Amino acid sequence: MKKNIDSNIKTIVSALKTLREQKPLVVNISNYVAMNNTANALLALGASPIMAHSRDEMAEMLSFSGALVVNIGTLDSLWIPRMLFAVEQANIHKKTVVLDPVGCGASSLRTATSWQIAEAANKLIIRGNASEIIALAGEKGQSKGVDSLDSSEAALGAARYLRDTYQCAVVISGATDFIVTAGGQIQLNNGHAMMPYVTAMGCTLSALTGAFAAVGEETGLAAAAVLGVAGEIAAEQSKGPGSLQLNLLDALYQLDEATLIQRLKLS
């Protein structure tokens with residue numbers, strides 16, 4: 001067990017170093033609520049975000065970017081063909097697609113669109129809260145709009161089903177994060193109880209997952225670890241959600257190898 005934990009820590013630390021060296025470009029088809037938060041988080045960590053929504057530029061963008069993040073948070077029927085075209089271009093250029101199925105299960109449109117995107121992607125990582133993961137697997141979860149009422153543990157079976165169905169990695173985010181891959185599952189116990197009170201925190205995790213995928217860490221582990229540790233550090237310096245939002249950017253920017261290793265809680 002310790003050997004596996006040590007190996008995972010090395011993977012996380014190495015991925016962060018590589019990301020900061022390479023500064024990968026990440027194409028984000030994101031939502032209006034999350035765009036500013038996710039772009040700033042990517043910049044703070046060392047990646048380069050571009051918020052691209054036009055079909056007319058998507059083929060070109062995916063030819064030189066490192067990964068594609070598709071976030072359905074403010075879904076509109078006009079966006080769906082663009083999202084699917086972007087996934088098609090990512091497939092052509094062998095780029096990883098990170099799907100954030102925001103509110104999957106809250107409406108039939110969100111659920112059907114999430115299924116379409118998951119089925120279309122060749123190299124896929126799914127990042128969602130427990131209720132979204134459960135709904136994406138075709139089960140009935142408990143949600144309140146885009147917020148999960150299910151525990152991360154309750155979604156493990158659904159995550160394994162998605163992993164096997166789409167040959168992908170699945171990140172379940174919540175009070176406890178789980179990474180589910182062909183190699184098994186990893187549990188992360190970092191983060192802070194204040195984090196859910198800042199909008200787009202999950203969207204930020206999806207964006208960071210795309211950045212790490214662009215440099216070869218294609219499980220979501222490094223992104224979840226880095227955001228969890230940075231969230232803890234930021235919360236210690238914050239009086240509430242407003243200051244947490246700002247302090248998180250500083251924590252991502254300042255996060256170093258020693259602090260990351262010291263604070264990681266993996267099992």
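Keep in mind that glycine also has a Cβ here, set from the backbone N, Cα and C atoms.
Over in Swiss-Prot, the protein carries these features:
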type	residues	note
BINDING	M51, A200	substrate binding site
BINDING	R127, S173	ATP binding site
Taking only the Cα atoms, work out how far R127 (ATP binding site) lies from M51 (substrate binding site), in Å, as a whole number.
19
At the level of the C-alpha atoms, what whole-angstrom distance separates A200 (substrate binding site) and S173 (ATP binding site)?
12
Fewest-neighbour residue among binding-site residues, criterion Cβ within 10 Å, set M51, A200:
M51
Cβ neighbour count (within 10 Å, all chains shown) around R127 (ATP binding site):
30
Is it possible to get the count of other C-beta atoms within 10 angstroms of the C-beta of S173 (ATP binding site)?
32
Tell me the Cα distance separating M51 (substrate binding site) from S173 (ATP binding site), rounded to the nearest angstrom.
23
